[in-house]
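Taken from TrEMBL, the feature compositional bias 'Polar residues' applies to 601-619. Taken from TrEMBL, the feature compositional bias 'Basic and acidic residues' covers 620-629, 711-722. As annotated by TrEMBL, compositional bias 'Acidic residues' applies to 683-695. Annotated domain 'Cationic amino acid transporter C-terminal' per TrEMBL: 526-576, in sequence order. The region 'Disordered' annotation in TrEMBL covers 596-641, 671-722. The transmembrane segment annotation in TrEMBL covers 73-95, 101-121, 133-151, 192-214, 226-245, 257-276, 297-321, 393-415, 460-482, 488-508, 529-547, 553-571 (among others).
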């Protein structure tokens with residue numbers, strides 16, 4: 001029992017470790033396109049700074065190419081958001097939930113996404129790295145939560161791309177059939193079993209887009225822009241042509257399903273906005289991330305909202321809400337008006353929308369794998385950057401192969417429900433991270449950072465993470481009671497408790513210390529306005545939308561997260577880069593201290609000869625007993641000494657130079673020592689050979705020399721350790 005308790009405690013300790021902003025900056029700097037690593041400059045003998053840059057040569061890996069601007073990000077965001085949803089979800093929401101009031105539903109869901117978008121914009125501006133929510137939570141919450149979110153986002157990116165591939169195949173088939181053609185037998189879907197069929201078009205569409213992405217991000221951005229322009233042009237065509245046939249009588253009644261129907265439709269239309277967070281995954285490839293990423297996120301949400309509302313208005317004016325076709329609302333609306341050519345154009349627009357949505361997922365997922373692998377939670381080959389194309393090459397190919405196989409065999413009905421809940425969970429976590437980032441945790445009642453009366457509360461109620469947990473619980477019960485029409489007493493009571501906890505963050509305050517130590521706190525970085533109002537409202541909105549999903553979706557999510565937890569326990573936790581660095585930081589300094597004490601004592605007693613022999617032998621042979629070898633410090637472990645061999649033992653990670661590596665011995669005669677007349681002694685070997693007697697008179701005593709040596713050695717060791 002004690003063993004189990006110990007293992008659980010150790011697991012909790014290791015899984016809660018966080019990555020510091022300095023470690024992240026170091027990773028980004030070393031992944032950037034450079035050939036040297038600069039060690040801080042020191043002063044030479046003449047007082048001039050000496051540049052101790054070390055050539056890394058094969059040590060440094062070229063990072064992803066910074067080639068994207070704000071136009072690329074807007075195109076990427078709009079391409080990810082506007083997919084088949086604008087051509088399908090509008091009909092479902094209007095026919096079954098809200099009627100003509102569906103346009104209000106689009107405004108509500110767009111506002112809810114904007115709340116999360118503001119939180120995303122702050123993190124992406126402060127931490128411009130790939131990985132999106134995973135990277136942010138690794139810094140703010142901890143490794144285990146970050147891994148769970150990273151694993152959860154696979155549902156949004158990779159499985160969503162496989163889902164869109166099936167829709168892509170279906171729309172291509174409709175375009176060909178509308179033109180009078182047909183698909184030959186090998187390419188038409190072949191039914192295999194319930195929920196499974198063979199679709200070769202879906203397979204080849206994923207493979208083709210994967211190759212485009214793998215061979216260059218700039219080429220992928222150009223390809224995406226082309227289809228985004230086509231898609232937006234067709235959406236504008238639908239709005240303009242459809243308005244010609246508008247009939248205001250179709251808006252009577254305007255809100256047939258009431259307020260509950262509007263919010264029910266908002267839960268559906270919310271999923272039409274998913275994909276904007278993919279902009280954060282290309283942050284490392286943006287030229288000016290502090291400025292461009294917030295514009296890309298919020299601008300793409302704004303453009304998409306305008307287009308969604310415009311299509312909703314035109315559709316409900318063209319056709320009475322109870323006569324809207326659920327499967328293909330726009331195509332059937334133009335077909336009823338005998339506009340077959342317009343029907344073909346709408347199908348082309350849907351085809352273009354699916355192409356850009358599929359491209360977005362195939363771009364985002366490899367960069368998430370890249371971040372996970374860079375932190376040691378996945379095998380190293382996931383973080384391989386192609387030297388020519390500067391893309392996560394192997395991760396891209398792996399993602400494309402998985403999506404192609406899934407899309408070839410699994411139908412949309414099984415895949416679609418697994419996508420949305422993962423996104424909502426990540427939205428909730430990002431909003432929580434903003435609160436944790438802004439407000440420091442109080443570890444003592446006397447040092448509370450909260451305002452009265454919250455500073456009188458227990459410490460756990462002054463912790464933003466715990467407060468958000470209470471908000472989520474009460475919001476979940478309140479939302480479930482409202483969605484499933486339970487007792488109004490439950491809705492009222494739990495709603496009031498939830499509001500009470502939602503007020504607590506307004507009594508937190510940011511301290512000057514937190515501002516100075518916050519992530520990349522600079523004037524150029526975007527900051528989410530109206531904190532804590534926006535994060536708290538975002539948590540409520542996302543919780544409500546998650547509770548509106550089916551219980552089958554929750555079961556699939558739990559099973560998926562259990563699989564991810566097993567991967568972390570048996571691989572990620574043991575190979576975590578952060579964990580290994582912490583092992584190196586926790587090594588025992590006993591050997592180094594004993595060595596220094598021994599050297600100082602022997603030098604003080606005048607044992608010059610023994611000290612010199614020991615120093616020469618140690619420097620020439622570097623022979624240290626295996627039992628006394630000490631772990632390398634993080635600075636030494638990341639140094640350009642590529643031939644250091646590392647050995648993992650129960651006590652840490654150890655380094656040893658192989659036999660064929662020669663290290664120049666350090667001699668006391670090469671260390672400049674100043675006498676009382678400020679003259680350097682021992683600088684010139686020739687002068688030492690010609691003036692032995694003078695040198696003996698000018699050299700300080702052995703004890704002074706040993707004290708200088710001991711100080712230099714200690715300083716050098718402290719620099720390596722820290």
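Cβ coordinates are placed from backbone N, Cα and C, and glycine is handled just like the others.
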Maximum Cβ pairs under 8 Å to the transmembrane segment (257-276) among 101-121, 133-151, 460-482, 529-547 is reached by 101-121
Using Cβ atoms and a strict cutoff of less than 8 Å, what residues sit near the transmembrane segment (460-482) while being 6 or more residues removed from its termini? 141, 428, 432, 435-436, 438-439, 441-442, 448-450, 454, 488, 490-491, 494-495, 497-498, 501-502, 504-505, 508, 536, 539-540, 543-544, 546-548
Contact call for the transmembrane segment (297-321) and the transmembrane segment (488-508): at least 3 Cβ pairs under 8 Å, seq gap 6+: no
Most CB pairs under 8 Å with the transmembrane segment (73-95): which of 133-151, 192-214, 226-245? 226-245
Determine which residues of the chain contact the transmembrane segment (393-415) at the Cβ level, with the cut-off under 8 Å and only residues 6 or more beyond its ends counted. 157-163, 165-167, 192, 195-200, 202-207, 209-211, 213-214, 361-362, 365-367, 369-370, 373, 381-386
Are there residues at least six beyond either end of the transmembrane segment (192-214) with Cβ under 8 Å to its Cβ atoms? List them, or say none. 161-162, 165-166, 168-169, 172-173, 183, 186, 220, 223, 355, 358-359, 362-363, 366, 386, 389, 391, 393, 396-397, 399-401, 403-405, 407-411, 413-414
Within the domain 'Cationic amino acid transporter C-terminal' (526-576), how many residues are helix, strand or coil going by DSSP? 40 helix, 0 strand, 11 coil
How about long-range neighbours of the transmembrane segment (101-121): same chain, 6 or more residues beyond its ends, C-beta under 8 Å? 90, 93-94, 132, 254-257, 261-263, 265-270, 272-273, 276-277, 280, 293-294, 297-298, 301, 304-305, 308-309, 312-313, 316, 427, 430-431, 433-434, 526, 528-529, 534-535, 537-538, 541-542, 545
Overall pLDDT of the domain 'Cationic amino acid transporter C-terminal' (526-576), taken as the mean: 88
